[in-house]
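Worksheet for the structure shown next.
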Amino acid sequence: MSKIAVLGAGSWGTVLANLLTDNGQNVYLWTHSADQAQTLTTTHMNEHYLGDFKLNPDLQITANLETAIGDASVILFVVPTNAVRSVAEQVQPFLAAQPSWRPILAHAAKGLEKGTELRVSQVIDEVIKPELTSGLVVISGPSHAEDVATHDITTLTAASTSLAAAKSIQKLFMNDYFRLYTNQDVLGVEMGAALKNVIAIGAGALHGLGYGDNTKAALLTRGLAEITRLGVKMGADPLTFIGLSGVGDLIVTGTSVHSRNWRAGNALGQGETLANVLANMGMVVEGVSTAKVVHGLAAELGVEMPISDAIYRVLYEDAPLKQVIADLMKRDGKPEFDFEIETL
Ligand SMILES: NC(=O)c1ccc[n+]([C@@H]2O[C@H](COP(=O)([O-])OP(=O)(O)OC[C@H]3O[C@@H](n4cnc5c(N)ncnc54)[C@H](O)[C@@H]3O)[C@@H](O)[C@H]2O)c1
Ligand SMILES: O=P(O)(O)OC[C@H](O)CO
């Protein structure tokens, strides 16, 4: 039995911690709110995020970070992207004080950090030096917390430059409904995960506006083309984007009412304001912040990302949805594939 600390008691952190407990591990779920820790401990539920889903009574819940991470062999970060740095900064002194204790670090967040444009693994690496750890693993792929809670068959990627660390994470999580594949393209996996959230906002918006299946398929397919274009420019393996953290996650996020990104887009399509949508969601909508980062990255790297750019204009420049759609359709004709895939 391994001691595992899961940091972040929202939808995803709670479900992953519960799954690991069901798998027989010694799991501590950490929340930054003492009140939430108390409620979860007494009710064995995380009602705000997961309704009446019952937690495994063996799952230990705490608001004390030292209790959660002390001697853990794995520390898993599952807070929103823009909170990862502050949580890593709280963890770092404990690891630095005991350099012989080298846990595997993992994260399951999907976004790019506001202000720095960094991927989540880069943020963690910046705060916690790799020599204090036994590797850093990204857990990603098509996976709604609500579906994992009901044991829907789910497949994910455990991506790391350390195959040994990826295999350890794979082994801890796998069971009869949860299957992980290892992958060494950390950059591609994180870019696929972050960028699909932006496209999913667009997919929800099309639904909200009443567009049909052809249009939704067009958006997801051409969305994948531009995700791949940016990822490959940054050095990702193009194959990653036809994998679980590419097309797989784009399908699940771009077509599901469980997706907070899709739901936000759907509400925008129905005429809601962004401020209202975010105020009513009560959970993170990663694509909103990531859209701004992607806008900057695409400009810096000279990568054409017309759909992500259109979504950025809607979110940050108040451009009307119908107008950005009309603008997209007025673009010059292009070849379907306009970038070199050098590694194939
Ligand atoms: N929900 C899913 O189905 C799912 C699936 C895969 C990946 N993810 C990713 O996992 C990450 C977390 O998503 P979620 O769905 O759990 O979000 P959520 O909104 O459901 O919960 C986020 C949790 O993080 C906590 N938090 C926020 N800021 C914090 C801080 N500074 N310090 C400590 N805790 C903080 C909140 O209190 C909340 O409990 C996101 O990047 C998301 O894209 C979510
Ligand atoms: O609810 P969303 O939009 O954050 O998506 C959740 C997961 O990332 C789907 O894989």
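Each residue, glycine too, has its Cβ placed from N, Cα and C.
The feature active site, proton acceptor is assigned by TrEMBL to LYS196. Secondary structure from DSSP puts LYS196 (active site, proton acceptor) in a helix. Neighbour density for LYS196 (active site, proton acceptor): within 10 A of its CB lie 33 other CB atoms from the protein chains shown.
According to TrEMBL, the feature NAD(+) binding site maps to GLY8, ALA9, GLY10, SER11, TRP12, GLY13, ALA145, ARG260. Over all protein chains present, the Cβ of ALA9 (NAD(+) binding site) has 25 other Cβ atoms lying within 10 Å.
Sequence annotations record features per position, and here TrEMBL assigns NADPH binding site to SER11, TRP12, HIS32, TYR49, LYS110, ALA145, ARG260, VAL284, GLU286. Reduced to three states, the DSSP call for ALA145 (NAD(+) binding site) is helix. Neighbours of ALA145 (NAD(+) binding site), defined as other CB atoms within 10 A of its CB across all chains, total 21.
According to DSSP, LYS110 (NADPH binding site) sits in a coil region rather than a helix or strand. Listed in sequence order, THR81, VAL120, SER140, GLU190, ALA193, ALA194, LYS196, ASN197, ASP249, GLU286 are the same-chain residues at least 6 apart in sequence whose CB falls under 8 Å from the CB of LYS110 (NADPH binding site). Annotation comment: TrEMBL describes LYS110, GLY141, SER143, LYS196, ASP249, SER259, ARG260, ASN261 as sn-glycerol 3-phosphate binding site.
Per TrEMBL, the feature substrate binding site maps to LYS110, ARG260, ASN261.
What TrEMBL lists as domain 'Glycerol-3-phosphate dehydrogenase NAD-dependent N-terminal' is 3-164.
Broken down by DSSP into helix, strand and coil, the domain 'Glycerol-3-phosphate dehydrogenase NAD-dependent C-terminal' (185-325) contains 113 helix, 0 strand, 28 coil. Annotated domain 'Glycerol-3-phosphate dehydrogenase NAD-dependent C-terminal' per TrEMBL: 185-325, in sequence order.
Ligand 1 lies within reach of GLY13 from the recorded positions GLY13, LYS196, ASP249, judged by a C-beta closer than 6 angstroms to any of its atoms.
Less than 6 Å separates the Cβ from ligand 2 in the case of LYS110, SER143, ASP249, ARG260, ASN261, drawn from the binding-site residues LYS110, SER143, ALA145, ASP249, ARG260, ASN261 in sequence order.
Each residue contributes its Cα atom, and for SER259 (sn-glycerol 3-phosphate binding site) and GLY10 (NAD(+) binding site) these two points are 14 Å apart. Note on proximity: of the binding-site residues GLY8, GLY10, SER11, HIS32, the one nearest GLY141 (sn-glycerol 3-phosphate binding site) is SER11, by Cα distance.
In this structure the alpha carbons, written CA, of GLY10 (NAD(+) binding site) and HIS32 (NADPH binding site) are 11 Å apart.
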